[in-house]
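> The structure that follows is given in the form of structure tokens.
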Amino acid sequence: MEAPGLAQAAAAESDSRKVAEETPDGAPALCPSPEALSPEPPVYSLQDFDTLATVGTGTFGRVHLVKEKTAKHFFALKVMSIPDVIRLKQEQHVHNEKSVLKEVSHPFLIRLFWTWHDERFLYMLMEYVPGGELFSYLRNRGRFSSTTGLFYSAEIICAIEYLHSKEIVYRDLKPENILLDRDGHIKLTDFGFAKKLVDRTWTLCGTPEYLAPEVIQSKGHGRAVDWWALGILIFEMLSGFPPFFDDNPFGIYQKILAGKIDFPRHLDFHVKDLIKKLLVVDRTRRLGNMKNGANDVKHHRWFRSVDWEAVPQRKLKPPIVPKIAGDGDTSNFETYPENDWDTAAPVPQKDLEIFKNF
């Protein structure tokens, strides 16, 4: 399929959970971050690419695997339907995603190379991460061993710590938004709900099972929500299911606010202690959100075997190495039908004004 077909793609704005939270005193010491400032990004056009496959779908679009025609490099192209973005009032989230990704550079965060829009779609050209979603590996295995969960938790902590150092709250931590690269290291993706913190934010957004109590109660929220979500994620990785679940969101919210956690018997004492301290309803007492910030999490006994200098340098041995046949391999992603997703009507010029700098 030729690149003009790109201009018709619609992007995977992941069905995610969105969360925010509040800020602790004192700047945490960061995981040493091999952050290399990217050179000025190249300028592309849609005609530079061939569309090869759809690797994700979402509320108002798709993510495509594309191949640059000349250099033969592979990228992920996120294509969002402007009419759907406007209808769902997601304009600010789209701008947030672009601004956050332009600001960050970290081994465990997805890279953004180029953005564009026409009269129907918004486009974000990002690195292609061929290992697929952590969610798929968790679903296939049922649950992870303690050492496997420890590895992913350590890399995620370094990513969260880096974002918080830049006053950015991620608000969408979940297995579906964690990709594995060809070596098995993580890449956080989908920054549609990430937000630069000026003060507390009040938006209710996110997947019910991962929402922090302060989000549900509309008390304003900031960094602490990411540490809450980490507690949920660790529980889910090691158990195979989240700690708070119900048939409907209201039931989930009630259980979150009650804060009662039923641990599977196989979890060891230290990880249960860590999860309890991350899932403290009072955010002022939540691990990661107190005076020492992320250091309190990294120094917890469950992480006693982790070399925190080595983590962001990608020196820890990944427990899962994806099976990848080549750079453009899509076998680790779901297969999506190439249906009539590209039927969005052109948007009037006045409605495009909000996207003029995209």
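Cβ coordinates come from backbone N, Cα and C, glycine included.
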> Please identify the range among 1-34, 69-102, 137-170, 205-238 that Swiss-Prot labels region 'Disordered'.
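In Swiss-Prot, the region 'Disordered' feature sits at 1-34.
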> Once the chains shown are all counted, how many other Cβ atoms turn up within 10 Å of the Cβ of THR57 (ATP binding site)?
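There are 20 of them.
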> Max Cα distance spanning VAL55, GLY56, THR57, GLY58, THR59, PHE60, GLY61, ARG62, VAL63, LYS78 (ATP binders), Å?
14
> Taking the Cα atoms as reference points, how far is VAL63 (ATP binding site) from ASP172 (active site, proton acceptor) in Å?
18
> When the domain 'AGC-kinase C-terminal' (304-358) is classified with DSSP, how many of its residues are helical, how many are strand and how many are coil?
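Its residues divide into 7 helix, 0 strand, 48 coil.
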> Round to a whole number and give the Cα-to-Cα distance in Å for the pair THR59 (ATP binding site) and ASP172 (active site, proton acceptor).
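Cα of THR59 (ATP binding site) to Cα of ASP172 (active site, proton acceptor) measures 15 Å after rounding.
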> Given THR57 (ATP binding site) and ASP172 (active site, proton acceptor), what distance in Å do their CA atoms have, once rounded to a whole number?
17
> Take the Cβ of VAL55 (ATP binding site) and count every other Cβ within 10 Å, whichever protein chain it belongs to.
23
